[in-house]
Amino acid sequence: MLAYLIRRLIAAAVMLVVIIVVVFGIFFLIPKWAGIDPAANFVGKQADPAAIEAVRQKLGLAEPIHSQVWEFFKGIFAGRTYVGGGDVTNCAAPCFGYSFRTEQEIWPVLMDRFPVTLALALGAALLWLLLGVSAGVLSALKRGSVWDRGAMVIALGGVSLPIYFTGMVSAAIFIYGLGWIDGQFVPLEESFSGWMGGLILPWITLAFLYAAMYARITRATMLEVLGEDYIRTARAKGLAEKTVISKHAMRSTMTPVLTMLGMDIGALIGGAILTETTFNLPGLGQAVLQAIRTQDLPVILGVVLITSIAVIIANLVVDILYSVIDPRVRLA
Amino acid sequence: MTDTSKNAGSTTDRGTAVGEPAAARPAGGGAFLDVRDLKVHFPTDDGLVKSVDGLSFQLERGRTLGIVGESGSGKSVTSLGIMGLHTAGQYGKRKARISGEIWLNGTELLSADPDHVRKLRGRNMAMIFQDPLSALHPYYTIGQQIVEAYRIHHDVDKKTAKRRAVEMLDRVGIPQPDKRVDSYPHEFSGGMRQRAMIAMSLVNNPELLIADEPTTALDVTVQAQILDLIRDLQKEFGSAVIVITHDLGVVAELADDILVMYGGRCVERGPAEKVFYEPRHPYTWGLLGSMPRLDREQQERLVPVKGSPPSLINLPSGCAFNPRCPYADIPKDDVTRTVRPELTEVGSRHWAACHMGQEQRERIWTEEIAPKL
């Protein structure tokens, strides 16, 4: 078990380094191929060549790619000092550089937005896990019944309707129609009830989509597991049916659900762009959308890296949980 | 049973087989396991699948009954029926229709409260399955699974139950049982897994043990060990054992009595030596002829039973075996295709269901079949 853990941790660390290098490489090459001068971009319109040159010096854009990657990599772990154009700027670790648009340091901006996205992703995940898994299990146990068919029709709706549709409809009803909530995001530090009020609709909207997918996979897996020989063995032992389901069948059913959960949460932490835009939540998704519109490469780079890290960590957690559930994984 | 009306062409309704001692027995009395006119039918979109259609047999403690027959003859369905596993947890599926009587030690199981039957499962009757890898839960250790089986029926703490598990693993010949008890099924070899499965099924000293193809998934070298183990354990625990197999070799090793099934019914039943040396049904001859033997000349070819197993939805009318039977035309008046043969006594405790006259069958066996085996 310990050996397995260490192997997984090392693999995760290696993956992280590879991602940083590759992602930086891509973002270094894109402006080059697109014929955009990042330095000119940074300085803005009507810049004189001297200012552009100064920025180029300061950001090290004239250096060869390997030394730029190295500087960027070092910046993340040890901080970075930009020297050029007559002044010195200190960027503390983890340094992801500066926004071309706002000229703000990227890391604090991202960290400002991160809790919003995290709360959105985790809250929705909790909700869809509860809803999706229980609906899926019930559907499987009552296969062919009115309940099963009804739940599966709703689930089909859930996977087919886009977030901006369900989100708009729920906003129209609960914010503008009934007026139960005002729909404004309030940071947790200011007011818990306000925070809940701002997130409840995004949670439900996001959870509806995912709960539908989870209900379908849970139902399918549960039906498959119920046909397994070891379930028959459990009954042959004289186990009560509810123990057969809750202990023997559930444990096997949870493994694919867990795999999905890890990937989904990881991807959502990188920003639920549609949900955040629909509900105007100041999360990472919204930030990256703005950055894409304005070609603010360093911000995009930062968000991509955070997403990657989130996916890696989520997968690491899933791998560990997986090995707790399924002993065969520990050998692999 | 209105179902039989669907079966166009079958003239006689099955009724209780002639010569079956079960018919005369008073309810609840008699043999330790007494199955009477068991029918297990499955409704499907294509029609009613009559997997078992009027099966009767008895089994005493300390005796072994071998049920043989090809795939789809109703062997496994019978065993699951006795265990009550056709009705437990069939979610949303169309329910199997089961009728007849199954008396276990004076209790009729089909009419009993399902929860009562559940409590008998594992304690009074236990089962060994064909493939021990898929029959054991991959996520629990061998020990956890045996402990669970024991604690369902015994109010003991986990420590005591684990001691019992180690003891059982030791008994079935697993080396270092105190260490292996914490292993997972995938860490065991096939033979070891089946030993563990046997340990689990015997942990509550069941009076009835059903082994459904216990050696089919195992290496040949391991098969003999497992069969020896089952035999030894039966002697030790004095349980009644049903061995279900398509392998006559397994039956020869273990069984006191043999029941040959074809198309959901019994075609021949009797003491093992009778069924092996004086079989009185053409299907049994076919099974014996298709059994490989080391003492036979290599040039001689095995004789398979020609044709394929009958459709259980629409059994051939008359004798279900008639389309495959080389002797189907011997009885007069096309009786093999119109009248279903009943089991008739052909010797002491030996029954067969065939339209041919007894002398005729005796002659065919001694003159045509036996010399070639």
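Positions of Cβ are set from backbone N, Cα and C atoms, glycine also.
Just so you know, TrEMBL annotations are computer predictions that nobody has curated.
What you see is a predicted model, and the numbers here were worked out from it, not measured in a lab.
The domain 'ABC transmembrane type-1' annotation in TrEMBL covers A:114-322.
Nonlocal intrachain contacts for the transmembrane segment (A:9-30), taken as residues 6+ away from its ends with a CB within less than 8 angstroms of a stretch CB, comprise 65, 68-69, 72-73, 76, 297, 300-301, 304-305, 308-309, 312-313, 315-316. Marked as transmembrane segment by TrEMBL: A:9-30 (among others).
Here the transmembrane segment (A:118-141) has Cβ contacts under 8 Å with residues 147-148, 151-152, 155, 188, 195, 199, 202-204, 206-219, 221-223, 226, 245, 250, 253-254, 257, 261, 264-265, 268-269, 272, 275-276, 281, 283 of the same chain, all six or more residues outside its ends. According to TrEMBL, the transmembrane segment annotation covers A:118-141 (among others).
Among the features that TrEMBL reports, transmembrane segment is placed at A:153-180 (among others). With a cut-off of 8 Å between Cβ atoms, the residues of this chain six or more beyond the transmembrane segment (A:153-180) that come close are 135, 201-202, 204-206, 208-209, 211-213, 215-216, 274-275, 277-279.
What TrEMBL lists as transmembrane segment is A:192-212 (among others).
Feature annotation from TrEMBL assigns transmembrane segment to A:257-279 (among others). Same-chain residues lying 6+ beyond the ends of the transmembrane segment (A:257-279) with a Cβ under 8 Å from its Cβ atoms: 116-118, 120-122, 124-125, 129, 133, 162-164, 167-168, 171, 183, 185, 198, 201-202, 205-206, 210, 213-214, 217-218, 221, 285-289, 303-304, 306-308, 310-315, 317-319, 321-322, 325.
Among the features that TrEMBL reports, transmembrane segment is placed at A:299-322 (among others).
Taking Cβ pairs closer than 8 Å, the transmembrane segment (A:192-212) reaches residues 119-120, 123-125, 127-128, 131-132, 135, 154-159, 161, 163, 166-167, 170-171, 174-175, 181-186, 264, 268, 272, 275-276, 278-279, 281 in its own chain, all 6 or more past its ends.
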